[in-house]
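Engineer: The compositional bias 'Low complexity' feature in TrEMBL is assigned to 8-19. TrEMBL lists 26-44 with the feature compositional bias 'Polar residues'. For 205-216, the entry in TrEMBL reads compositional bias 'Basic and acidic residues'. Per TrEMBL, UDP-alpha-D-glucose binding site is recorded for Ser401, Lys407, Glu408, Asp437, Lys629. What TrEMBL records for Asp437, Asp873 is active site. Per TrEMBL, Mn(2+) binding site is recorded for Lys630, Asp654. Summarising the annotation, TrEMBL assigns transmembrane segment to 943-966, 978-999, 1071-1093, 1105-1123, 1135-1156.
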Amino acid sequence: MAYEDPQSSSPVTITVSSSGGFRNIGLSSPTRRHSVSNNPNSPLSGIELSGGNRRSSGGGNGRFLSMSKESADEFVGYTVHIPSTPDNRMFPEHSGTESPPEDDENRNPNENYLRDTVYTGGFNSETKAHHVMSKWGEEPEIAVKSKKLCGMDGCDEKLVDGGLRSYQCECGFKICKDCYLDCIGNGNGDGGFCPGCKEPYKDDNSDYERDEEAKDQPNSLPRSRGVKYGKNFSLVQSFKAHPNQDFDHTRWLFETNGTYGFGNAVWPREGYEFGRGIDEHENHPPKFNQSRNRPLTRKVGISAAIISPYRLIIVMRLAALVCFLMWRISHPNHDAMWLWVMSVVCEVWFALSWILDQLPKICPVNRVTDLSVLKDRYDSSDLNNLTKGLSDLPGIDIFVSTADHEKEPPLVTANTILSILAVDYPVEKLACYLSDDGGSLVTFEAIAEAASFASIWVPFCRKHKIEPRNPEAYFSQKRDPLKNKVRVDFVRERRRVKREYDEFKVRINALPESIRRRSDACNAHAEMKAKKEQMNKGGNSSDLIEVSKATYMSDGKQWHGTWTSAEKGHSRGDHEGIIQMMLVPPKAEAVYGTGNDAEDLIDSTDVDTRLPMLVYVSREKRPTFEHNKKAGAMNALVRASAIMSNGAFILNLDCDHYVYNSMALREGMCFMLDRGGDKICYVQFPQRFEGIDPNDRYANHNTVFFDVNMRALDGLQGPMYVGTGCIFRRIALYGFSPPRATNHIGWFGRRKIKFCLRKKKEPKSEAEDEMIIPIMEDEDAGDEVSRSLIPERFGDSTYLMDSIGVAEFGGRLLHNFRGKGSQGRSAGSLAVQREPVDPAAIKEAIRVITCFYEDKTEWGKRVGWIYGSITEDVVTGYRMHNRGWRSVYCVTKRDAFRGTAPINLTDRLIQVLRWATGSVEIFFSRNNALFASPRMKFLQRIAYFNVGMYPFTSLFLIVYCVLPAISLFTGKFIVQSLNVTFLTLLLAITLTLCMLAILEIRWSGITLHDWWRNEQFWLIGGTSAHPAAVIHGLLKVIAGVDISFTLTSKPAAPDEGEDEFAELHEFRFTVLMIPPVTIILLNIVAIAVGVFRTMYSPFPEWSKLLGGVFFSFWVLSHLYPFAKGLMGRKGKIPTIVYLWSMLISIVVSLLCVYINPPSGTQSYMNLKFP
């Protein structure tokens, strides 16, 4: 039975199937959400934005509080967490309704409904919720011990309400009277130890018992005139520290004996009065936060014994280049002026290109993190009283993108998802989103299988500390799996999990065929049903009936995404938006297994079995809308995640890049949460690859870029964003400016002007383009916030608008570590339960991933990933740096992420072509570094300018590679004669280049083999893909011709017995191969011609022959990997091919000598043919 909500004025409704009925909810009246702002334990509760003008979309209550301070120097703001008590519950109390049962107080009432519901909607279509019968994501039933029983193992005694209190320790561990007395009796004289937190009990005396309740009452705060207090925020006058010093809220609580709720303050012993010197127990005030105040990161400079000679040699080589070019220009070759002009122009360009590439490398740095400090600061046991066991780390949303299940195998994507779900980070703070831009049912069911298998794999990884946590990579390791394993049940459980994973792989690989057979059967049934209906209506059975060849899900319903038959409304570029929550948000408290079920594969008694939130998203696509490829998919995930989980930070990964180091997220957060981290927009990790041939024929590892160039940029304003393996600050992605910035004025940016962007100091013309981060506590920021949060920038979703302030608060530093002009937060303010996701929120998420939502907004222009370039990653990072943000390069001891790279020559050239085409687009756009703002450093600007410039070097490189052949053909050379000055300068340039390479190897850690492979592929790409990229870019700029690229195929894991590097030897011809093949043939033939010409000349010029042959061998040595790729597998080319090649070269050489004989030849050279 369906009905319309009479109070809803929205034209879009949601149809929910439940118990055979339907319920319609209008968009204008969404269901009230238990969001962070509605949680009484949240520091954001009851706060309004812009003086209360903006209201929460979840029922009208404000999310932000406008707070005023009369003097910023006199008062200090801080936050206090109020734990759950009978008078202060986690769930708001509603009149007329019963509070949830005690055992289910943290469970989302919509959990089962959300997990089994697929949400769809889009352009001119109704937003619907489709209930499906799913088998994935079901959490095992865990036997939870009643909270009314003793918490000791083996004891089922009930707690006594009167007399002895049930809470004997501040940690909240519940224990009965008998067990408590046993613990006291087993103590060492000081009261015994609590079985929960292992801390000693308080002194056991009657006075302590009688006065306990009185001590728990909060003390009054010192009030000051003109100060306003919010619900969870307080402003106090600092009377113990200098006004300009950072406020230590924990010390203030100690000094004033102030308490907020049970266990939130550190209390001194009786008889101690701070500041008066009265201490009956002779105890000094405790020293707070000594370990937590240590820095989370440390910058390690390069040794002066390496970096100083490195910089000196750069100057020496620059001087040698200047002298060489001056000599070349002043000594023209009058015998071959055309050859001299071409060579000099190319050499000048190469010198300029080398300078642009080398200057940003003069300040390389290394960085290290301290994970123990991160744990002490945010997860320490000292914070348990404040956070009640919850982590104080901010939330992270992880984005995984895929677009084609044929080129990106679902098994690879599923393994990436499993590695993410098993990372070492607070489970309740994680949310994983998969963007399926192809809308494939194969990918959908593969992720559903992964969600089911995760309930086995994730506890297994946590219990035995498995690394890596990608099951395919783990079970494929050739090293001993028993190394460093101490649990006796590891072998048995590993064998069981391995068997389950093998069955999981079979199910994934069989999905395409099983979906096809299922769809064929359902389509045949639908066709028979249609014929039966036609005959019942009196029609002819021989008439053709058109029945759509749909793709069906496992429950027999039609798939809402792409069909195999590509029908209208169900093709790759035309389908509605889909959101499916595979795994619901976990509970706030850890859930441990029982170990009593004989069917359990592993014993998870002491293992947290919770799984992070997992969501499948396929944005809506329609033929009349531009979808902007990967950048558009990422922006859709940004909006959907802001409504559903709203993590303050975002990690994006490609579907083939899995988490290789389970601590990688914590290492990245060390930079974001350290002092000065509020100016960091993203943390970029290096890309590491697997499945590459040992010789790395085509420089797939790209170590010179990731270990040399990126480390060098880290010493400037930060590395570039390279598309994957990057943790973003959500506020930076929204297009906001950093809290502080620096203008670099004058030549080379030597004059620096630092300023704070929290206050409006720029003229209106500049302020209109400036987006200031919203400050929720500052009344003066109302205009700035309202100007930044207008619908013209972010769209008209109130859910999305309200989430921005919450995301900004989640990314703040603690009060003790905040920078000048930045707002901080108190310790424990993020230790709250994640807001439950309700149908209204998913309904709004469907709306923000529709194809029309971005119309008339700044998504893709300033907000989110930037559109208009194939290399959207570089442009997005450039925009952030241009606004004054900085980035950090995080190189971990164990690789953070690992992925795959194309090892086939054709795929590699197409990949390089796509990158180079994007660089040409950047050069001809407003993103050219020549137009950068003063906030970007001079050397950083040079690095970005070189990104757009380097493809044009290929035009000069092709000419220079042909010059040796022309020289040998004509008998001329680029110089008049090989004199001592020319050779000396050339030797100096070559030696300094080799010395620079050696020193780069020393400070970057790469090998000489990596450096040489990079040099080789620089010439291979420069003579094949880069010239084509320049042509593509010019066609797009001049003629408006848009070039489309196919997705790079991701190789799947080879089966047993298969060659792991079979693709390396496959030859697939492409037009990009023509220029390098021509250069190779020209130089080979030219060497033969030059040798024969000199041999038959009466006056041989061996110096010119030596110079031409030397440069030809230089070209051929760089193109050797390319030539080897053309030959295919070793031994497959018959010997006769080599013999015929040599014979043809000799014949062509003799013909050239005959046609153009050297001057002064003898009469016997006059050959006559019959």
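Backbone N, Cα and C atoms are what each Cβ position is placed from, and that goes for glycine too.
How buried are these features, and what lies next to them?
Structural biologist: Taking all protein chains in view, 17 other C-beta atoms sit within 10 angstroms of the C-beta of Lys629 (UDP-alpha-D-glucose binding site).
Using a 10 Å radius centred on the Cβ of Asp437 (UDP-alpha-D-glucose binding site) and all shown protein chains, the other Cβ atoms total 23.
Listed in sequence order, Val400, Ser401, Gly723, Thr724, Gly899 are the same-chain residues six or more apart from Asp654 (Mn(2+) binding site) with CB atoms under 8 A from its CB.
Around Asp873 (active site), a 10 Å sphere centred on its CB holds 24 further CB atoms from the protein chains shown.
Same-chain residues lying 6 or more positions outside the transmembrane segment (1071-1093) and placing a CB less than 8 Å from one of its CB atoms are 905-906, 909-910, 913, 958, 961-962, 964-969, 971, 1020, 1023-1025, 1027-1028, 1105, 1108-1109, 1112-1113, 1115-1116, 1119, 1122-1123, 1126, 1145-1146, 1148-1150, 1152-1153, 1158.
Sequence-distant contacts of the transmembrane segment (1105-1123), counting only residues of its own chain at least 6 positions beyond either end whose CB sits under 8 Å from a CB of the stretch, comprise 697-698, 905, 961, 963-965, 967-968, 973-975, 978, 1013, 1015-1020, 1023-1024, 1073, 1076, 1079-1080, 1083-1084, 1086-1087, 1090-1091, 1093-1094.
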Engineer: Determine, to the nearest whole angstrom, how far the Cα atom of Lys630 (Mn(2+) binding site) is from the Cα atom of Asp437 (UDP-alpha-D-glucose binding site).
Structural biologist: 8
Engineer: Return only the integer: C-alpha distance in Å from Glu408 (UDP-alpha-D-glucose binding site) to Asp873 (active site).
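Structural biologist: Counting only the Cα atoms, the answer is 20 Å.
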Engineer: When you scan the chain for residues with a C-beta under 8 Å from the transmembrane segment (943-966), skipping those not six or more beyond its ends, what do you find?
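Structural biologist: Sequence-distant neighbours of the transmembrane segment (943-966): 339, 342-343, 345-347, 349-350, 353, 356-357, 360, 709, 713, 716, 720, 874, 878, 881, 916-917, 919-920, 922-923, 927-930, 932, 936, 972, 974, 1019, 1021-1023, 1026-1027, 1029-1030, 1033, 1075, 1079, 1082-1083, 1085-1086, 1108-1109, 1111-1112, 1114-1115.
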Engineer: Which Cβ among the binding-site residues (Lys407, Lys630) has the fewest C-beta neighbours inside 10 Å?
Structural biologist: Lys407
Engineer: Compare all C-alpha positions of Ser401, Lys407, Glu408, Asp437, Lys629, the record's UDP-alpha-D-glucose binders, and send over the largest distance in angstrom.
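Structural biologist: Largest pairwise Cα separation, rounded: 16 Å.
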Engineer: Would you mind reading off the Cα separation of Lys407 (UDP-alpha-D-glucose binding site) from Asp873 (active site), to the nearest angstrom?
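Structural biologist: So the Cα of Asp873 (active site) lies 21 Å away from that of Lys407 (UDP-alpha-D-glucose binding site).
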Engineer: Which whole-number value in Å describes the distance between the Cα atoms of Asp437 (UDP-alpha-D-glucose binding site) and Asp873 (active site)?
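Structural biologist: Computed Cα spacing between Asp437 (UDP-alpha-D-glucose binding site) and Asp873 (active site) is 18 Å.
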